[in-house]
Structure formats: C-alpha cells, structure tokens
Amino acid sequence: MDWHSFRIAALLLTSLVVLEVNSEFQIQVRDHNAKNGTIKWHSIRRQKREWIKFAAACREGEDNSKRNPIAKIHSDCAANQPVTYRISGVGIDQPPYGIFIINQKTGEINITSIVDREVTPFFIIYCRALNAQGQDLENPLELRVRVMDINDNPPVFSMTTFLGQIEENSNANTLVMKLNATDADEPNNLNSMIAFKIIRQEPSDSPMFIINRKTGEIRTMNNFLDREQYSQYSLVVRGSDRDGGADGMSAESECSITILDVNDNIPYLEQSSYDITIEENALHSQLVQIRVIDLDEEFSDNWKAIIFFISGNEGNWFEIEMNERTNVGTLKVVKPLDYEAMKNLQLSIGVRNVAEFHQSIISQYRLTATMVTVTVLNVIEGSVFRPGSKTFVVDSRMEANHRVGEFVATDLDTGRASTNVRYEMGNNPENLLVVDSRTGIITLRNRVTMEQYQRLNGEYKGTVLSIDDSLQRTCTGTIVIELSGTGWVTGSESGGSSSGSGDDRDRVTNGYQGTSSTENPQRVTGSWGGSGIDGTRPNTNPFQGDPDETLETPLYGDNVHFGPAGIGLLIMGFLVLGLVPFLLICCDCGGAPGGGAGFEPVPECSDGAIHTWAVEGPQPEPHEGITTICVPQMPPGNANVIEYIDNSGVYTNEYCGREMQDLGGGERTTGFELMDGVKTSAAPEICQEYSGTLRRNSMRECRDGGLNMNFMESYFCQKAYAYADEDEGRPSNDCLLIYDIEGVGSPAGSVGCCSFIGEDLDESFLDTLGPKFKKLADISLGKEIDSYPDSDPSWPPQSTEPMCPQHTEPLGSGHPPISPHFGTTTVISENAYHSGPGVQHPVPIPDPLGYGNVTVRESYTTSGTLKPSVHFHDNQQASNVVVTERVVGPISGADLHGMLEIPDLRGGANVIVTERVIAPGSSLPTSLTIPNPQETSNVVVTERVIQPTSGMIGNLSMTPELSSAHNVIVTERVVSGAGMSEIAGTAGLGGVGGIGSSGLVSTTMGASGTGLNMGGTATIGHMRSSSDHHFSQTVGSASPSMARSRITKYNTVQYSK
C-alpha cells in the first residue's frame, strides 16, 4: 500500500472541506432589458431564515407567566413589508378561552392562566403571518405546547369493599382475589405508579394473606385456614402512588374474605352407647333419639349425617330415620321381635356425612361403631297357625262328617298346641267344611257334589279362625283342599244335602259365605257384606268374609194375591176422595152467611184475642182466704213426701202466679214463702191418700209457672209510681204546702206561719177513701191482701214456725179454712184545742188500746203564753193505723212550754202517717221528740214538716226505732224556718237493721233558714237476713224545695230519690 499517496489524498480532501465551509456562494442572475437591449447582472446571496422559535413546556397547576414568552414566530417577509401575526386553536378561540395571547407585531406568544394536564394534556396553536391586505405571507404553522404533569391525584379503588371467598384448608399461595385501583395522573409516570399494601387484618391472630405490591393480587400465606375457628376475615389495603414513596398520595379499601366450609370434621354420636327395652311383637315409631354432633356448617351436606347399621340388624327389624333440621336420628322398630327367638340384641351403628370427606382428612377417617343394646321383654302372645297354610286332599268317596284333617294353632309362649282357644270357620266356600271349636279337627259337612266341584273348579280355599277370648286376639290360618278323583255325585243323589238346602244353624255358626244354588229356577243374586270378628266375641253375622263375593239363594213363591176385599176397600177410598170437592162447595166457612165470598174478619177485642192472664182457659177467679195447710202425718209407704209440715209455719206473701189445682186424690204445690223471708221450693209429688185444694205460688225460685215474676214486680212498681204521681199531682188539699216566693201559689192575704192551714184542715175527703189506702200500700209493698186482717199483734212469729225444706211436697187437707178474728174499727173524727190567755192544762187524747183499723183524722193544738205541755197518747196495740195529719202550731206568736211529744204507735200494724206538721211560734222547748213506731209493720210516712223559728234551740230528734218494722215508707221530711239562728243535732232513720224488717222507703230531708246547720245520718238496712248496708246522708243548708217522692224497687229494699 502506498501510504504516501494516501496522505496526499487526505490532505486534499481536508482542504476542500475547509474551503466549502468558509467560502460564500454567490449566484448572479442576468436581467435582460428588452426595451433597450441591455443586460444587467444581479448577484444573490443565500442566507438562513428564522420563521419560528420553539415553544417552552408549561407546568400544570402553576403560574407559568414567568416563562413568557413561551414561543416567538417571525417571517422573513417582514423585511420588505409590514407583517401581522395571528394565532388560533384550543385555549385561544376555543374552550378554554384566553389561555394564550400573541403580540401581532413581534409574534411573541404568552400564557395567561393556570392549566390542568388532566383536562388538556397539550395545546396545538395554529400561527399565521398576514400582510396589510390580510393575505397569508407564509403557510400556516402548527405550534405544539405540552403541559407537564404533577402528582395532584391520589389512587382510586374501583370498589369500596372487595368481596372474596376461599375454602378452608386451602394450600398456600392460593389466589383469593385481585384489587383494582387507578390514578388520574400521567400514565407511565411515577405519579401514577401505585403500590399495594395490607395494613390491617381482622381477626389479627396471625397473618393469613399476602398481597402483590404491583398487581394487587391477594393470596393465602399458609394452609391453616379453619372455618370452625374463623369463618370470615376482614382486610384493609392501602394503595399509594409514586410507587409507594413517602411523597406519594394514597387511598384505602376493605376486603371481606369468607372462608367456605369443607367436610373436614368427622361426625360423632352424642352418646357412646345406648340401652333400650322393647316388648316383643310391638312396633315403635320412636324407640330412641340418637343425636349426631358435627362441627361443620349447619344445614349443609357437610353437616347432615347418615346413621347406618354396621351389624346386628340382619333381620331388618329396625330402621333409622334422620331429621335434616335437627340432625337427630330416630330408631324405629318395623318388624316384631320374638322373645323366644332373641332375648337381647346388640346393634352396631355408625355415622357419616352426606358429602364426601375433604382430602385433608380423608386419610384420618376411621369408622367408629356405637353399640345399641336392645332388651326384648316377654309378653303373652297368644296363638298362631304354624304353618299359616295347610293343604288337604278330598276325593269323591268321602262321605259327610269325614275327617279331613286338623289345623291347630300353636301357643307362641310354650311352642305347643294352644288349649285356651276356640276355632271357627272363616271363609268357607260352599259351606263345605266344619271345624271342631276345641280340637281344631276339620270334617266335611256334606258329601261333595258335582255342582260344588264345578263351582270350586277343583280346589277349595278357606280360612280357619283361632279366637282367644282371654287375650281378645284372633289369628287366621288358610286351608287348601284339592278335590281329586272322579265319580262326584249330583245334588239329588246326595240326599238333598246341597249347600243351598243345608242347615241354616250351621251356616250361622260357621260364618257361611260363598256361592250356593239349588234346582229352583227362581234365584236372587246379591252382595252380602260381612263384619270382622274381634277378640271378644265371634261374629254372629251368617254372611262374613269377602264382601264382594256373590251369594245366590233360592226365591220361593207364595200364594199372596189381591183379593175382592182389597179391591172393595180401594174403590171405597176413591169414592171418599171424590166427595171432598162436593163437601168444599157446600161448606160455608169461606163466605158470609148471606152467601157472600171472602172470609169474615176476626172482630177486635173478641174472645180470640190474647188474654192477659198466663194460663189457658177462662179468666181465673180470685180466691181469697184459701188457707195453706200441711198435713202433719203421712202414710208410711210414701217415700217421696215429707213427714210433716207445721200448718202455722206456711205464709204466703206474693200476688203473682196463684194457682189452685185439684188433683182428685192428691194435691200438688210448687212454692211456699215463710214469714221470715225464707222461700221453699217443692218438687211436684202426688199423695194418693188425701184430697183437697192447695194454693201454689210461682216465686223466683219456682219459675216453672206461666207468670213472670220480673214482669209482675215491674207492673206493681209502675202502679206504685202511678199512685204516687197521682197523689202528688192533685191540688194541694191533703198536704202542707210551703212557698218561698210571694205571689206564686200563696194566699193573697197576710202571710203568716198559720195563715193558710185552714184550707188544708178540711179532711172530709177521708170519709170516702176507706181501706183503699191500706190496700194500695199493701200492693206497693208486695204483701198479700187478706180479706180478714189478723188482729193478733204477734203474727207473724219471729222464729217459731218451721221451714219447709226444698223439693218436698206438703199436702193439704179438705177441711174448710178457719175463719180469722174480727176487730172493731175506731174513728176519731176531730179534736181541737184553742189556747187563750189563761193557763190551759194538758188535755190528752184518749188512746184506744186493742182496737183494729184505727184512723186518726186530725189533731190540732195551740197554746197560750203560759206554754202548757201537750201530750198525744200512743196507740200501743193498734193495728192498721192511719194517721193523716198531725199539726202542732201556736197562734200569733204563742209559745209551747214543756215537752211536746207525739205518742208512739208501738205494736201497730199497717200504720200510715201521711203528714206530721210542727209549726211553733216564737220558741220551742229545748227538746222536741217525734216518737216512732217500734213494733209496727207496713209503716208509711209520707211527710214530716217542721218549721221552727229563731227561738228553737236544742236538739231536734227524728230517729225512728223501727227495729221490727216491716215495709216502712218515708216519703218526705222537710225542715224549714225563717230567721233561725242555729239548729244542730242528728237526724236519723235507724233501727231497721235487718231482723224481720222489709220494704223500707226513704226520701230526702230538706232544711233551710238563716245560718241553719243540720247534720245527720240515715241508716237503712236490708231485710231477709241479708248483710247490712249503710247509706250516709248529710242534711245541710238547702232551699226547702218541694221534694217529689218516687218509689224505687231495689231488691227487697225500697227507697225514694
């Protein structure tokens, strides 16, 4: 190689390059002028152009104005002419507006606002250079401005809570789930690079999971996951950008991991062994409950168990039924056990799950047997046929009563033939066989005929019953007879011994059923149903066995026919039917007597209306005075009647339901009422030895009668109301009227305390009333009205009469009633005492003792200035006393001195006090006593009016001592006065405590006056041995309004409101 030449060539090349770089190329262009024909050369020099300056990058989230201008554009045309620069694009004339601006003269581009890379990663600016005419001097230029990213966005997980699941005992590094998180910063940048980390685990015993830092995959750390220990885990995972750097942003999310169950627990029984006892031949649906324990998830196939027999149940005597809800197995006995064959059984059972065992424990499973000891108890079993079927052969040569064989039941307890059973034929086709009831020997009833052979088709099948009456058990054995041979006789040759004409008694005894026929062409075919035979008695139905088998029995004709007598009766019946229309035409029940059509209307208020009495027949006549008498002696043969009833102890006090029954040889009563209030109900009995008439009372205890006691009581109460209203609505001619307002109902003259009494003292109307008041009072009180009042004050006795016990039959004799005693009537018409200026001695009113029906008309007393004492004597033994008015009043300011006493009516019966008026003048003595009847019965006090004045000082006592009173009525008590300073005391109605008292009626007590203060207590007691009831009533200062009394029925106590 010639190195010298090489050096020369290299040197020349280097010189050429240097010359090229440092030299300036010039191009001359010839300019030919065609006009003058001259040529001019111009030299052109090539220079480098500057049109654009590259734009600087912008950072997001910062103020980039310090970098302005971020770009500058320039055109070479600006040297020859003015150039205008303009820009357009996103951030300029497109949203977002106004981010970039340009200097149109210099071409500098500036940024004016903060940009966001997540909104606009970069900007493209279109630049133009325009001349003065707006034409483009250069081609449009694209200027790209990139926005630099900053870490301003944290990672975001796609789910708040991630759910995952994994089976327990899973291998290590098994994928559970994968987390997903994103970052809005620039991709493939450190700002968007996320790193995952588990920061918390619950339960926090030991870490069980790991996570991939880059991908977010969660995997198992080991294979120790156990659902029975922890069925669920909760993880908290954190994701941080900038690859988990300290300056990165982070976010957290939860992960819930469920541990799935696998069959990794071997089930076992609750008990290690079981002992049970069962009777032989018994079937049990619930012999024993076997509980299985499994720790796997409940109600899953891993938890459900199956108990099976390992050994001991070779005969399939037992079954085990599992309950899938409780995992409990029930041991059942499905086949009877025999004590003689097996006294004890050893069952070996095992348990497993429905699902297969998990591979982690399949090598550890070992079958464990649980022993079940079954003890069989011996019972008396009775008999059974062994074998259950026997076959015999019968040929045509066997005659009647030929022994076919024997079929004997075997006693299961002893294994020998039973001796305490009886045998009967069950299903016995053709009634062919007979069995001995004691020995079980089977014989032919009759010789087998050809007809029977043909119907049986050469083979007989029947049943034999073995009945044990002591055990009430029945067993059945089957008999099969093969009919072999030839030469079977016909029915005529067998001597009429076919089944159709056999002995009916045998047929009933042996339970015939089957098919039979005779030579009679008339047959009836039907189905006969049999009833089974229980263990206590044999079946007496002659047809038993299969109810669907057909029985053919002969139907024999008779000579019954329709004779002439029957034809005649039939014709006569048709003739009678033909007369019916004619009789209807002739009957005038459908029209008026004059021949008019239509039915006659029933007249109103005729005898066909409903009667007011409660018994059939005509209106009963009132029977007064019929005495109820009990016969003291009875015939010794009657056991249904009481021995005696004292005739003085029977007392009736009812108005409702009276009946008299004449039984023609015996009397009957259904109710009695004793004087002391005890009622006795007697069952209706008949005495055959005595005759007479008794009275029956339909009382509350005996409601068998036609009358309703509630209705009758309501009726009489309404009557009492009507009488009370009528009495109160009358003109004020029989009572004392008090008026508070002048001019309303008061006299027109001068008003004084006694100015209007004169009109009220006219008692002439009492002359015409008579005993009406007494009867009205008796009706209101519910007492019986006697035609002849008893003047004996001791009647009724308190406790001497015997009580008729319930459900007894007192007898009445036929003697006439005993006439009662008659008393005299004393009438005191009027006694008036006028006071003068002198001294007047007290004048007593004579007290008639021992009289009955006493009527005190009027007592009027006035006193002078010396104030003498006035004394009214009491009627000590008066009966049926009527006190209409008692008026005590001084004249023109006269005063009463001493004791003002109104006599008592002790011992009086049926006392009526209509008014008691005390109207003193200026003063009254210190004590004012209104005595009260203590031993009276049926007392009626309608009004008590007291008008004291200011001079009355002391105690005012109106305390009736009605300890033995009956049917007491107090309608009104009015206490009033003008100008009173004070009246203090106690007003009471007592002594009606409940021994012998009945029917009390009390009304209000009014008091008025200036400064009047009056307090009292009214005490009311129940009657008829009932408990005492107390009613408190305080009398204060109130307006003396006129109280209207209404009688109210409250059990046996009457009171007014």
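Just so it is clear, glycine is given a Cβ too, placed from its N, Cα and C backbone atoms.
Worth saying up front: this structure is predicted, and the values here are computed from it rather than measured.
Taken verbatim from Swiss-Prot:
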type: TOPO_DOM; residues: 50-564; note: topological domain 'Extracellular'
type: CARBOHYD; residues: ASN110; note: N-linked glycosylation site
type: DOMAIN; residues: 158-269; note: domain 'Cadherin 2'
type: CARBOHYD; residues: ASN180; note: N-linked glycosylation site
type: DOMAIN; residues: 386-493; note: domain 'Cadherin 4'
type: REGION; residues: 490-552; note: region 'Disordered'
type: COMPBIAS; residues: 510-525; note: compositional bias 'Polar residues'
type: TRANSMEM; residues: 565-585; note: transmembrane segment
type: REPEAT; residues: 889-918; note: repeat 'Desmoglein repeat 3'
type: REPEAT; residues: 919-946; note: repeat 'Desmoglein repeat 4'
Which residues does ASN180 (N-linked glycosylation site) neighbour through Cβ under 8 Å, counting only same-chain ones at least six apart?
PHE157, SER158, MET159, GLY216
Would you mind checking how many other C-beta atoms are within 10 angstroms of the C-beta on ASN110 (N-linked glycosylation site)?
16
Per DSSP, what is the residue count of the domain 'Cadherin 4' (386-493) in each of helix, strand and coil?
10 helix, 49 strand, 49 coil
With H, G and I counted as helix, E and B as strand and the rest as coil, say where DSSP puts ASN110 (N-linked glycosylation site).
strand
On the DSSP side of things, how many residues of the domain 'Cadherin 2' (158-269) fall into helix, strand and coil, could you say?
7 helix, 50 strand, 55 coil
